[in-house]
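Colleague: First the structure, which I've put down as structure tokens, then a few questions once you've had a look.
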């Protein structure tokens, strides 16, 4: 029979996080075509490789929802059997993982937007860069309903929403055991809330998709105990193929089919393949480690490049339409993310945990590298 996944064996899931980050980068490439903040791109087809990347250019924003599902899977994986975790430990691991890089990129964007406004008379990409929205971002509550619109390093919005869900998850871990039954119960409650509140409410959507990822994790463990690993791999890949084919027959984008079909089936397949030795190994972990940095650094890079081009009176539209520029942008973000993870994100995370937790965290437990969203 199959065996439950181990704490060290989710490199395929890490790789999926990296893929989701690339999807968001492609979606945000449109920013290069904004003449100034909040003036969007009307014709997406002028972007490079549009024929091949059309779905990413048009639907890449849903990478955030994929992050939320992945986050649920990772958290359930990491905190399985961890009812002894204290609030201090849980909070510090989350804070050390998320806040230092958020603060650094927030300050960087604030400086870059100030420079853009002083030189060009307008902001880049996002319009609300005042003190009020700076404070919302500083306390990571930029998308709690208090905002007037997009501001500063706006991608952090998905993390600000997920913070509330982290609190719910901690209460869940402390109040009951992580099992398929309890995960299913939480999913049903979240589904009821999702239908009763609004399908567009960020908090109810995040809660539902987060627990969906957790339920996929528990289902993966449950089925893995009943069936051989190879059978699980075949079942999961068959399910994914079936869902993709059904969407193809539908002939149009379906948010429900993607969120509750393709996304969870992809995660289950990747986790199942890991169990039979089909794994990205260290490469998967390396790619996954770039996720949060790439999520937060690509907006500062875009603002800096756009401001420099406009200041030099270059034909920005012609330049960013080039396939070569597109490739260089992605490579630059990935290389920058690798450097940031190694030299800023990881050292600061370790420093904070050593200072605030010292020996409180068991050496046998490694807190999750949760998807940023």
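Cβ atoms here come from the backbone N, Cα and C positions, even for glycine.
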Colleague: Quick one: which of 121-139, 178-196 does TrEMBL have down as transmembrane segment?
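Modeller: In TrEMBL, residues 178-196 carry the label transmembrane segment.
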Colleague: Using a Cβ cut-off under 8 Å, which residues of the same chain at least 6 positions beyond either end of the transmembrane segment (152-171) come close to it?
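Modeller: Distant contacts of the transmembrane segment (152-171): 24, 28, 64, 67-68, 71, 75, 79, 85, 87, 90, 94, 98, 102, 105-106, 108-110, 113, 125-126, 129, 133-134, 137, 140-144, 202-203, 206-207, 210, 295-296, 298-300, 370, 372-373.
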Colleague: Is the transmembrane segment (202-223) packed against any residues at least 6 beyond its ends, judged by a Cβ distance under 8 Å, and which are they?
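Modeller: That would be 2, 4-5, 65, 68-77, 143, 157-158, 161-162, 164-165, 168-169, 178-180, 183-184, 186-187, 190-191, 193-194, 232, 235, 259-260, 264, 267-268, 271-272, 373.
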Colleague: With Cβ-Cβ distances below 8 Å as the criterion, list the same-chain residues six or more beyond the ends of the transmembrane segment (99-119) that contact it, or say none.
Modeller: 129, 134, 137-138, 140, 152-153, 156, 159, 292-293, 296-297, 299-300, 303-304, 306-307, 311, 340, 344-345, 348-349, 352
Colleague: Under 8 Å between C-beta atoms and at least six residues away from its ends: which parts of the chain pack against the transmembrane segment (230-251)?
Modeller: 2, 220, 223-224, 257-258, 261-262, 265-266, 268-269, 271-273, 275-276, 278
